[in-house]
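Marked as domain 'Thymidylate kinase-like' by TrEMBL: 11-197. Positions annotated as ATP binding site by TrEMBL: G13, G14, D15, G16, A17, G18, K19, S20.
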Amino acid sequence: MSTAPGYFVSFEGGDGAGKSTHVRLLGKWLGEVTGREVVLTREPGGTELGAQLRQAVLHGEDLDPKTEALLYAADRAHHVATVVRPALARGAVVLTDRYLDSSVAYQAGGRELAEGEVEDLSLWATDGLLPDVTVLLDLDPDEAAGRLSGSPDRLERAGAEFHRRTREAFLRRAAADPARWLVVDSTASLGDVQGQIRVDVAARLGLTPEVPA
Ligand SMILES: Nc1ncnc2c1ncn2[C@@H]1O[C@H](COP(=O)(O)OP(=O)(O)OP(=O)(O)O)[C@@H](O)[C@H]1O
Ligand SMILES: [Mg+2]
C-alpha cells in the first residue's frame, strides 16, 4: 500500500483489454465522488522522458529482454519520482494505465526473464511503491485483438503464445495477492465492467458504501 494521503490505482491487462477506456471513466467518476484532484497517467510514457522511452521500446529496433526490462524500469522510476509520488503527496487520486505488474507479466511471463528479478528491479526503481488497488481487466487475447484497430506495436506483434503466457502471469499474480488485486471479467459490456469497477474500487478505498453503480 502507498502510505501517502492520496489514492493510487493501477490498471493492468493485455493489449485491448479496456485499460485506457476504464481509466478514463473511473477517473471522471472518482473526481466527482471524492472531490479530489484526479491524475490520469500511463506507463510507459507518462512523462516527457517516458514518451521517448515508450517510442524506443514499442516502436524502435529489436531489443533483448534485459534491455527491454531496464527501459521499462527507467520509465517507471522517473514516472514515480516526478508524477506519481508528488500527486499522491498532494492527496490526489492517481490512476495509471499499466504499472509494475505489466513488467512482471510481459518481461517475466512473456519474455521469460526471472519473475523475482523483474519485480525487484521495479521495486528498486520505485522505492517499493505499490498501488492501493490494482484492477486486472481479464480478456482472452484473441478477443482483445479483435477490439484493437491500427497497426500493432512491437509487443502486440509478439504472438499468441506470448500473450497467453502474459495473461496467465497476470492471473497468477492476482491470485497470490487478493488484497491488492481486483480481477474483472472484461467480456461483459463496457457499462457493466465499469459499474463493477466503481463498486469494488470504492469499497477497497473505503469511499462511501452507497455509491451508485
Ligand atoms: N467491455 C467492452 N466491450 C466491448 N468493447 C470494449 C470493451 N471495453 C473496451 N472496449 C473497446 O475495446 C477497444 C480497446 O480498449 P482500450 O483501448 O481501452 O484497451 P487497452 O487495454 O487500453 O488497450 P492497449 O493495451 O492497446 O492500450 C476500444 O475500442 C474500446 O472501446
Ligand atoms: Mg490503452
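Just so it is clear, glycine is given a Cβ too, placed from its N, Cα and C backbone atoms.
Within the same chain, the residues at least 6 positions away from K19 (ATP binding site) whose Cβ sits under 8 Å from its Cβ are F11, E12, G13, D97, R98, L137, listed in sequence order. Within the model, the domain 'Thymidylate kinase-like' (11-197) carries an average pLDDT of 96. Surrounding the centroid of the Cβ atoms of G13, G14, D15, G16, A17, G18, K19, S20, where the record places ATP, the chain contributes additional residues within 8 Å, namely L137, L139, A144, S186. According to its DSSP assignment, K19 (ATP binding site) is helical.
Selection of the binding-site residues G14, D15, S20 by a Cβ distance under 6 Å from ligand 1 yields, in sequence order, D15, S20. Annotation for the binding-site residues G13, G18: lowest Cβ count within 10 Å of the residue's own Cβ, G18. Checking the binding-site residues G13, A17, G18, K19, S20 for a CB within less than 6 Å of any atom of ligand 2 leaves K19, S20, listed in sequence order.
Counting other CB atoms no more than 10 Å from each candidate's CB, the binding-site residues G14, G16 peak at G14. Sequence-distant contacts of S20 (ATP binding site), defined by Cβ-Cβ distance under 8 angstroms and a gap of at least six in the same chain, are R42, D97.
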